[in-house]
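Novice: What follows is a structure written as structure tokens; I'll ask about it next.
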Amino acid sequence: MDNSNWTSVSHFVLLGISTHPEEQIPLFLVFSLMYAINISGNLAIITLILSAPRLHIPMYIFLSNLALTDICFTSTTVPKMLQIIFSPTKVISYTGCLAQTYFFICFAVMENFILAVMAYDRYIAICHPFHYTMILTRMLCVKMVVMCHALSHLHAMLHTFLIGQLIFCADNRIPHFFCDLYALMKISCTSTYLNTLMIHTEGAVVISGALAFITASYACIILVVLRIPSAKGRWKTFSTCGSHLTVVAIFYGTLSWVYFRPLSSYSVTKGRIITVVYTVVTPMLNPFIYSLRNGDVKGGFMKWMSRMQTFFFR
């Protein structure tokens, strides 16, 4: 491409999910509702865990961190998407775009690490139940959460720095509802070889490493569960992992489909749809998945609601 067509852009134009005017109001209403459910549901999980002393154990400490990550993850993209739906310009500044990319990557990877830590918690609880409190001490839990945050920020810094090295053409329209890595790479005038290489190597190690750790944890859990003599006992033990497995399947399935494939085969339209699933739908469903399948959370929630009812209607 002729170098005269290259430019240092000051802003990008986010085209959003749809360019059809008649779809804008329904999209705004649907995503506003999902965002409200996500924020309220995850805040309820955090508040419940903080207010119930019996839930101050590693499993629920990690769950509250997952809920906080989900709030931040969705808040990185949805408010801006709702704004541009009715904006005549649909503009995001260059700096704002890089910041959005940074925090999106950071919270996506943080969720990845927290899901791996939660799998380790289930492994210790089922495979070493008598040593659970000795192994998963409060200090170890804090260290693991801090490590999740630190590694997530380092990962985000690397990929955001590489995006910042790209040069963009005069056409600065991003066919997406946020500054997604692949969408930005698609409109770059310069080679994205290093970006793609890092996604498929360092990125793959981060994501696949966590997924392999989760798989190994559940392989050990299954071996222990199979030794339980009664079918009822096996089901009761393994059912404690059902919520986590559901979230893992949705999160890694959609994430792998979007990012771990050649850039040439990346479909913007399909990418937008799949991205909505793991950036909006999954964080919205997580509180319901964990609360509906968890007796402690359901019991704590009912007690919390009872206290609220007594407080407001006494």
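Cβ atoms are placed via backbone N, Cα and C, with glycine included.
Grabbed the feature section from Swiss-Prot, which reads as follows:
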DISULFID  Cys97-Cys189  disulfide bond
CARBOHYD  Asn5  N-linked glycosylation site
TOPO_DOM  1-25  topological domain 'Extracellular'
TOPO_DOM  50-57  topological domain 'Cytoplasmic'
TOPO_DOM  80-100  topological domain 'Extracellular'
TOPO_DOM  121-139  topological domain 'Cytoplasmic'
TOPO_DOM  159-195  topological domain 'Extracellular'
TOPO_DOM  220-236  topological domain 'Cytoplasmic'
TOPO_DOM  260-272  topological domain 'Extracellular'
TOPO_DOM  293-314  topological domain 'Cytoplasmic'
TRANSMEM  26-49  transmembrane segment
TRANSMEM  58-79  transmembrane segment
TRANSMEM  101-120  transmembrane segment
TRANSMEM  140-158  transmembrane segment
TRANSMEM  196-219  transmembrane segment
TRANSMEM  237-259  transmembrane segment
TRANSMEM  273-292  transmembrane segment
Novice: Is the transmembrane segment (196-219) close to the transmembrane segment (101-120), in the sense of at least 3 CB pairs under 8 angstroms with a sequence gap of 6 or more?
Specialist: yes
Novice: If you run through the topological domain 'Cytoplasmic' (220-236) with DSSP, how many residues end up as helix, strand and coil?
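Specialist: Going through the topological domain 'Cytoplasmic' (220-236) residue by residue, I get 13 helix, 0 strand, 4 coil.
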Novice: Could you check the disulfide-bonded residues Cys97, Cys189 and say which one's CB has the fewest neighbouring CB atoms inside 10 Å?
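Specialist: Ranked by other Cβ atoms within 10 Å, the disulfide-bonded residues Cys97, Cys189 bottom out at Cys189.
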Novice: Below 8 Å between Cβ atoms, which of the listed ranges 58-79, 140-158, 273-292 makes the most pairs with the transmembrane segment (26-49)?
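Specialist: Per the Cβ under 8 Å count, 58-79.
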Novice: Six or more residues out from either end of the topological domain 'Cytoplasmic' (220-236), which same-chain residues have a Cβ under 8 Å from its Cβ atoms?
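Specialist: Beyond its ends, the topological domain 'Cytoplasmic' (220-236) has Cβ neighbours at 122-123, 126-127.
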Novice: Mean pLDDT across the topological domain 'Extracellular' (80-100), rounded to an integer, is what?
Specialist: 92
Novice: Near the topological domain 'Cytoplasmic' (121-139), which same-chain residues lie under 8 Å Cβ to Cβ, leaving out any that are not at least 6 residues past its ends?
Specialist: 58-59, 62, 217-218, 220-221, 224-225, 237, 240-241, 244
Novice: Under 8 Å between C-beta atoms and at least six residues away from its ends: which parts of the chain pack against the topological domain 'Extracellular' (80-100)?
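Specialist: Distant Cβ neighbours of the topological domain 'Extracellular' (80-100) are 9-17, 24, 27-28, 31-32, 35, 160, 163-164, 174, 177-179, 184.
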Novice: According to DSSP, does Cys189 (disulfide bond) fall in a helix, a strand, or coil?
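Specialist: Assignment for Cys189 (disulfide bond) reads coil.
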